[in-house]
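To start, the structure under review is shown below, and the notes come after it.
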Amino acid sequence: MLFLGCIKEVSDYELVISLPNGLSGFVPVTQISDAYSKMLSKQVAQGEVLEDLNSLSDMYSPGTLVRCIVTSVEKSADGRRSIKLSIDPKKVNKGLNASALASGMLLSGFVSSVEDHGYLIDIGVSGTHAFLPRQKAQNYIKAVMRGSDLKIGQNLNCVIVEVKNEGRVVRLSIDRSEVAASLATERQNWTLSNLLPGLVVKARVQKVAPMGMKLSFLSSFTGVVDFMHMDPEKSTTYSPDQVVKACILSVHPTSKVVRLTLRQAFLHPGGSPNQLSNDRMGAVVEESTVKAFYKQFGAVLELDDGTLAFARLKHLSKTRKSFKPGSFKAGCKHKCRIIDYSLMDEMCIVSLKHQIIEARFLQYQDIHTGDVVQGKVFALKPIGMQVKVTDGIKGLVPSMHLADVILKQPEKKYNVGDEVKCRVLECNPAGKKLILTLKKSLVQSKLPVLSNYEDAKPGLITHGFVVCAREFGCIVKFYNDVKGLVPKNELSSEPISCPDKVFHEGQVVKVMVLKCEPQQERLLLSFRVSSKPALNDKKEVKYQIGEMVDVKVLKKKDNGLEVSVLEGEGSVVAFIPTAHLSDFVVNCKLLWHCLQEGDVLPRVMCLSDKGEHVILSRKSAVISAVQEEQVVRSFSEIQPGMLLTGYVRNVMPFGVFVEFPFGVTGLAPKVSMSDKFVTDTKDHFVVGQTVIAKVMSIDEEKQRVLLNLKVSECSSGDSAAESFALLNQYFKEMKEIRNLLRRRGESSMAQGLSELVPGKELQLVVQDVKEDGSALFSGSSVTGLTVTATRYHLGEKSTAPGENTKALVLHVDALTSKVYVSLREKLLKQ
């Protein structure tokens, strides 16, 4: 099918063409003309740039009208149709032969060679030599080309001036006034098989209908003008038998339906349709008025500035079911957003869909470097992953940026359709190029985004990623291809002999700008990012992980204790999380409850010295593991089969994350959590609980450790001795808690609690026997406490309220002031 189209965008490899009725098509670089394709092939074969080969952007500019032919219609992966076109004259003018050529005809031609006296023009008619004399091109070169010569592969509107030797030789003109005045007439012998889009004809109105008009032209042909192509100024004044000027828009090869336009911009060949001002694209129009509604196509609306716009049927409502035709009567008002502009219809294309009106991004121009965007995985390719940000915006996540570490098998981590959160590394709207990163450290970074050399002021601290590590140092890249060098002496406070062993490609790093020369695009960086400047030059005290210190409680906080380290001037403030007060979860809460400001805790271990506070731990199992060197200091030291002491960091429905001293973490999946069957992971572990874990496997690519927490698997051999050592440690801590309670002495209840130890015999009075068979007691030694015994621990004999009895203490819960006792003879006799 033949179309008149208008160039919308020009890239290195294709032209994007606006077609009538809001359609778009693409002309690949190989479908320009024979002469241009030959030069491309020659350049590829020689492997070097040819001087006289011009790029598409040198020869074509948006707004130019071109004749094109549809070569194929393909369905893309997301179900959209893609129209492929050609502007090659051999295809466009294939209906013409040498004998049909006549003077006055307007044709598409392409410059195929530049000669001394003029130009050889390819008009796609075999056996015909077309020549354009220089004087017939002067006026065009001066006005359009601004004095530069015509280029091979350039598309021209040519008028035949003279035909010789039965069409074997023709002389052409591209003089702008001659082209603009050209009119197709009966004398030129046009037939339906060689009729071309772009021809301007005199036509007579045959019939006027709401959806358009029927015209007759060139004596025997009929054509159709649809509602979008009537002249908006005169659309209501057309009447039968009226003579009008019209331009052919399209010719269907089989049905021979000819469509025409009466819009002014197309009535002079060589003209150009009106364009939309850039600031209107993406604009939201609060009130647009319905002018007309066509149930098969959509609605024509009038915008706030009086221009007309078209909304396709699918853009009138969220779904087909939610569409209400009643709200599209003439005069109804709607909120809409300009989503496109159809050059061939000189109309804005709008959408009334709520999600499009509210959308943050509509076109590549709306996206800025450093923006965090949500998208869907569209395809996985060897070079990386394609992500769809919106219907019209797609981006690429290069392989290096799929995760903080390089993934060997990305398909294991990502599936098509997955929602992902990315950050924009680079955006080039002209080339529709969008490069994204999925590196968590970059996506979540709160540091400034460095996207041009001018912003790289000395002292600026930001995140980047390593692109190369060599003996001279590291090259670090930021956004928009900004890159800088970290010389060897700035890699670390300690000397590093082989940077390539320490740093790897893709690694996210925190850097400080030392020096920048924006003109030369030179940037000098350092990895030695100093932390907060020390106040009044107070010397900064650093603690090694595993170092033992004595501390004094400064303040009780909801999640732990703020303490000061008792050495030097005692000025270092540290923090003990509640979960790190003991290996036993119950004792953690008790100790927090009993400890008060001013209390001193001896021999506490430094767990980490990052961020604002030094984090300390009192977990004796963790302390002894560090002291006996039964720890791993980095991921590379881990081996399957190792037994490691750690603490629960997180309990998830699929398993438990365990952290070890020095920051290494691992996951115990649900199946490897317990010797019992696990229904709910929360029933088996709590955050902060000390555990012994066995390393099952390691995945270096994902830096992941899989663990086993089954007691049967995690014993070093003598399980009885281990159990007694743990029990012994528990009683030792309970004794410490009793001493704390005794020292308080602020209430007789605390005193009473501190006196009660498991195994102690008490004289009690039965107060109440409950329905479930358990009993409550009172007595002088347990004033203010709740004393209870379960049905089993009441023994054989029956008990009644008011009865005196002997009882044995089983367990004391100091937090709830509850004492559990037993009346069983067997226990009392011991």
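Cβ coordinates come from backbone N, Cα and C, glycine included.
Just so you know, TrEMBL annotations are computer predictions that nobody has curated.
Copied over from TrEMBL, here are the features:
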DOMAIN    1-88  domain 'S1 motif'
DOMAIN    104-175  domain 'S1 motif'
DOMAIN    198-263  domain 'S1 motif'
DOMAIN    282-353  domain 'S1 motif'
DOMAIN    370-439  domain 'S1 motif'
DOMAIN    459-528  domain 'S1 motif'
DOMAIN    546-619  domain 'S1 motif'
DOMAIN    641-710  domain 'S1 motif'
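When DSSP labels each residue, the domain 'S1 motif' (104-175) comes out as 12 helix, 34 strand, 26 coil, counted as helix, strand and coil in that order. Taking every listed stretch (282-353, 370-439, 459-528) in turn, the largest tally of C-beta pairs under 8 A with the domain 'S1 motif' (641-710) is reached by 370-439. The recorded stretches the domain 'S1 motif' (198-263) and the domain 'S1 motif' (370-439) do not share 3+ CB pairs below 8 A when only pairs 6 or more apart in sequence are counted, and are therefore not in contact. Between the domain 'S1 motif' (1-88) and the stretches 104-175, 282-353, 370-439, 546-619, it is 104-175 that has the most C-beta pairs under 8 angstroms.
Taken through DSSP, the domain 'S1 motif' (641-710) splits into 9 helix, 35 strand, 26 coil. For the domain 'S1 motif' (370-439), the number of residues in each DSSP class (helix H, G, I; strand E, B; coil) is 6 helix, 38 strand, 26 coil. Per-residue pLDDT, averaged along the domain 'S1 motif' (641-710), amounts to 87 for this model. With DSSP classes pooled into helix, strand and coil, the tally for the domain 'S1 motif' (1-88) is 23 helix, 36 strand, 29 coil.
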